[in-house]
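The following features are taken from TrEMBL:
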| type | residues | note |
| --- | --- | --- |
| DOMAIN | 89-213 | domain 'VOC' |
| BINDING | GLU143, HIS161, GLU209 | Zn(2+) binding site |
| ACT_SITE | GLU209 | active site, proton donor/acceptor |
| DOMAIN | 219-343 | domain 'VOC' |
Amino acid sequence: MARLLPPLPTAATAAAASASASASRFRIPAISVARRQALFGERVGLRVPARLATRGVSAGAEAGGSAARAGTVISPEEAVEWVKKDRRRLLHVVYRVGDLDKTIKFYTECLGMKLLRRRDIPEERYTNAFLGYGPEDSHFVVELTYNYGVESYDIGSGFGHFGIAVEDVEKTVELIKAKGGTVTREPGPVKGGKSVIAFIKDPDGYKFELIERGPTPEPLCQVMLRVGDLDRAISFYEKAFGMELLRRKDNPQYKYTIAMMGYGPEDKNAVLELTYNYGVKEYDKGNAYAQIAVGTDDVYKTAEVVRQNGGQITREPGPLPGISTKITACIDPDGWKSVFVDNLDFLKELEE
């Protein structure tokens, strides 16, 4: 599969499994028609037009159906309505690690995640591992990438943390300490609030916020990124990504404001936490954190809507070379990267 974010394959690298199925050590059970109907309704009865399954197509690469779709035009009014109807959800978050086995061991033994699948792509010198708290077709998961021979990365100052909901923060912290993990903030109430939290670091230095919360269908619940203009970021994610502003909280005593964005309530869905630190307009993004992947019913319309709302398309919509999975990649006004993946194509990949 083509690399969209050198030196790391992008969030849509799940597509590479189709080309390297024999290298996969774990297989995803086939998703039944009933399950697909429950997830995407009537769309499962539709077949992808052959012209959209053309391999290696890029915008304007050839005359006909694919090029026409790549040039999709949608009015601002239509865009507003379509984004509301598009069945979007957060699929996975992608980042690089220096020792894949060590990280998998930490996530499974200390954080309670399950290794969902793992695949090696020797011709491109990288290995992926997908971990989470439930099947990929219904849960937000992490996609770890190990690039051969690279043992460390710069996380930078822009990435904040991942959030995990646990029923007992103190017990979780005790387990992590017993396993040799690093606790950077002991359990206690959050600044300016009542929620009990703690912070830990994984073997690569990524921070995780442990949030005490009752049983939830989505324990992997947050990705926190810092932005230089919160109002601009909120507007972009509302209009271009179709996210809802779930809550916004200003903390003048500590000179920061947060905004929770997502596709459903925080206690049941993974959300994007945007943080604005007073007076800070730019951040060093390093080379460790990569992007989030979002499911969509139409990557062509999505790309046009992203453009209309100030985003930069870094990968034109269309099928990936060698396979039929349709994606588009973009950068938000702060430079954070995301990939949109066709919902039906994503489910087909999990069945292969």
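Here the Cβ of each residue, glycine as well, is placed from N, Cα and C on the backbone.
Features recorded in TrEMBL, as mapped to the structure shown.
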residue	record	Cβ within 10 Å
GLU143	Zn(2+) binding site	28
HIS161	Zn(2+) binding site	19
GLU209	Zn(2+) binding site	22
Summary of DSSP states over the domain 'VOC' (219-343), given as helix, strand and coil counts: 21 helix, 57 strand, 47 coil
